[in-house]
């Protein structure tokens, strides 16, 4: 019985599981259905073990509960959990469940999905009401629900088109033979293919062409292997192998890929809107030696006439890598503040990195954290320690009730606008959480000493070059101080928390905190974690949070919880401004708080190519549209050609940043003439399209409809596009077809059966569902085509403008690409670009028909902006100067 299970000791459970695990999984008895209660919008039932327990990877839980709810006509919620509700469930505080409208499935409306089940053994199926297509079917494979292992398998059509299940660096369309997607967030240097990376998104899209597209989301944060393969009978399947938690499924009816993404956003949350300036170009590097080198980069971009919106600083600014500190010799506060002021005076911005790990030594962030008791502790009450950049470290417990105040206070102190580093946005890293020390890491202090943590800072430069354009008080002062000796700070000995109780002794009584007695370090089932043991390179999974939850269950939530609290801390600093926070680690729903950069990639053509698929997965499936890769690659030495190509591609990432690693060749865009030219051209196009991007981005934050689109999202009935992940739509109007091979000046681009226009010439190209070879593509160019039927608003004066502030002052030109019927339409959204709450805006639709351009919509923002020109694409490109104010409805004849 489940109640009896809670009274057994860990040793007894382990011995029992191993003694009884004689049966293969295929012989597990499954469950039978009893006590079914039909409801207007679903049903409830009890599931009871249908035979002898098999106890293969834990102890079978005898009594389960089944609930189904037709939340809306397009969404079905199916939940299977233990009857006693002691098994861990993702807390509502971390993932708020959608509010279900009682009228969403009124009697006159018919749900688009159907739930059916078999009683003994229990299985269930989900089908599409309109065509009886079976979408999910567990028949023939018994449900296994054990203390540390949950298994559920669904059959699939042959050769299915599956997408999602991130984070990974595999093709967008998932492999379907002998393929395993492991979800266990880890520090994944070089983002190797076929492995678990920084995020966990148990959401997939199943695209079946004209039969429709649906989505399946499993709300479960435990480690898992999701296996896709064929069985011995050649039946295609997808199988969940989970280390715990419950089966909390949301099924989305679609029927289009865009519909599925919108429906997922209704559950996971709408993405956060970013400030307009955040869509500009960003520069960073790990390894800038001092604040003067950072300033020199700013100057060099200006000299090269490459627009730079935001300058970043990696952990180099810290005192021996300790968060919320400055290196007083290399990044003195007054000089950092002077640079920030210099940037702000020129409408540029500044960002630094913050890691979660706090140095276990005498420093303010550590001392204040101790006072509030916010750090993770072991079961004996002592502080849990790992080893990260500053050496021995402790980790904030995001579940602790004091942590929010602690984190907000640290930001308020260090990033104080009047006395600290007045950052404009935030970068958070290492929040899987990363830990350099392998389990069991019994002596993190010794590990840090042996592995040179923190690393020696660079020697203080005695004679940094003067900085043209900077004021005299900012210029370097000559110094012969070459003292870079390590400050070995005193390790503070902390007693166990007084009165601390081993969490896990009282986690019954339906509190959903996780079963007692589990093997939290070495569970019987081994997921394919590329780091090895669950606790390798991260926090130990047998430690507990202040609310009683085990790290074993919540590991995949750590980065997203840091994201949420960091966004709150940024809001506290600037309550009326939209925060921009970029994170490495994510879980489902993280897009409501943050954007994501795709991690520590490599300067290779393989990583360049796969960055497109990664970007599309996050933006179109996982609802994290502020996404992009490190342009030119993070680790390894880039090349001039690769960096040129990447500069042009990255300009069509929503998040556009150049970043690379200490010790590698410098790769700022001005380092090579050809790369500088590529960057200037690409940024000019990007900035001309910035309001088009901003409009599309805003729409996703309001409706959930994605704007960065795989081709199958735009042409769902074209079977030729299901595997294309080297082309994409930038908004629904612009097709981007980058060169993806080294040494090539051509690209084999697929054009669906539609009308397209070359962005550069305006000439038409009639797609016929075939591959067309585009030739003579220089290293500084990227092929772009506008889809027929679209109007694209572009800023008229973007060329040569250094900041997005300048861009916002220029007027508009409408690029009109008539469809096959001769008509076209497009949208434009303008607000103040930064306020959290907008009270005034221009939100309009442009239409073109029979030679007339019209505008209508919302005009509550007082503005002098106007449409100054139009360009009508076609065999004979037409350009006209017009005057169409954006202060009210109107139109002009061309």
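Using the three backbone atoms N, Cα and C, a Cβ is placed for every residue, glycine included.
Quick look at what Swiss-Prot lists:
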ACT_SITE  429  active site, nucleophile
ACT_SITE  432  active site
ACT_SITE  600  active site, proton donor
CARBOHYD  137  N-linked glycosylation site
CARBOHYD  178  N-linked glycosylation site
CARBOHYD  300  N-linked glycosylation site
CARBOHYD  402  N-linked glycosylation site
CARBOHYD  482  N-linked glycosylation site
CARBOHYD  483  N-linked glycosylation site
CARBOHYD  536  N-linked glycosylation site
CARBOHYD  601  N-linked glycosylation site
CARBOHYD  637  N-linked glycosylation site
CARBOHYD  802  N-linked glycosylation site
SIGNAL    1-21  signal peptide
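All chains included, 15 other C-beta atoms sit within 10 angstroms of the C-beta of residue 402 (N-linked glycosylation site). The glycosylation sites 137, 601, 637 differ in how many other CB atoms lie within 10 Å of their CB, and the one with the most is 601. Listed active-site residues: 432, 600. The one with the lowest count of other Cβ atoms within 10 Å of its Cβ is 600. Secondary structure at residue 300 (N-linked glycosylation site), taken from DSSP and collapsed to helix, strand or coil, is helix. Note on proximity: of the recorded positions 178, 300, 429, 432, 637, the one nearest residue 601 (N-linked glycosylation site) is 637, by Cα distance. Put simply, 178 is the one of the glycosylation sites 137, 178, 300 whose Cα lies nearest to the Cα of residue 432 (active site). Here the Cα atom of residue 637 (N-linked glycosylation site) is found 13 Å from that of the residue listed as 'active site, proton donor'.
The Cβ of residue 536 (N-linked glycosylation site) has 438, 439, 529 as same-chain neighbours under 8 Å, each 6 or more residues away in sequence.
Neighbour counts of Cβ atoms within 10 Å were compared for the glycosylation sites 178, 300, and the top value is held by 300.
Closest to residue 178 (N-linked glycosylation site) by Cα-Cα distance, out of the recorded positions 300, 402, 429, 600, 802, is 600. The two recorded residues, residue 137 (N-linked glycosylation site) and residue 600 (active site, proton donor), have Cα atoms 38 Å apart. The shortest Cα-Cα distance from residue 802 (N-linked glycosylation site) to any of the recorded positions (300, 429, 600) is found for 300.
A gap of 22 Å separates the Cα atoms of residue 402 (N-linked glycosylation site) and the residue listed as 'active site, nucleophile'. Of all the Cβ atoms in the protein chains shown, 21 others lie within 10 Å of the Cβ of residue 802 (N-linked glycosylation site). The separation of residue 600 (active site, proton donor) from residue 300 (N-linked glycosylation site), Cα to Cα, is 25 Å.
With respect to their backbone Cα atoms, residue 429 (active site, nucleophile) and residue 600 (active site, proton donor) stand 11 Å from each other.
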